[in-house]
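Annotated features, as they stand in TrEMBL:
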type     : residues : note
TRANSMEM : 6-23     : transmembrane segment
TRANSMEM : 30-51    : transmembrane segment
TRANSMEM : 57-75    : transmembrane segment
TRANSMEM : 87-108   : transmembrane segment
TRANSMEM : 137-158  : transmembrane segment
């Protein structure tokens, strides 16, 4: 049953990711992103990371996506017309992907993939995650808070200039 659920959620995740890219309407793309976030939370739940799955749903599917949809509807974005692909652009994109793949393949040693993941078991419950956030990872935590503050100020500035 777990295997079926994993493949079902993985297929849902990939198909909704494709829907985010393919849809012309920004609202439909944002709703595809919500579906993708929910499928990812389901995969976190299958891995036993229930707290991370709950935070994924509450923060991303709840707060951030509501903010995205608010901005999309506030700016009244419409579906754009599709322009034909240029062969030079497609070739340059594929070449970039191949070169980046080769660069990552050479930069990451093979032994890095064989580690036991000792850092993954570092925090398993909400109390230890909170302790780690406010002790060892306080600078990245504050950086994320500052980034969210900047995003909130940007939303306010964008919404005030149109009114």
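Yeah, the Cβs are placed from backbone N, Cα and C, and that goes for glycine too.
Within its own chain, the transmembrane segment (87-108) has no Cβ neighbours under 8 Å among residues six or more beyond its boundaries.
The list of residues near the transmembrane segment (57-75) in space but at least 6 beyond its ends in sequence, with Cβ under 8 angstroms from a Cβ of it, reads 26-27, 30, 33-34, 37-38, 41, 151, 155, 158-159, 162. If one looks beyond the transmembrane segment (6-23) by at least 6 residues along the same chain, the residues whose Cβ comes under 8 Å of a Cβ in the stretch are 29, 32-33, 35-36, 39-40, 42-43, 46.
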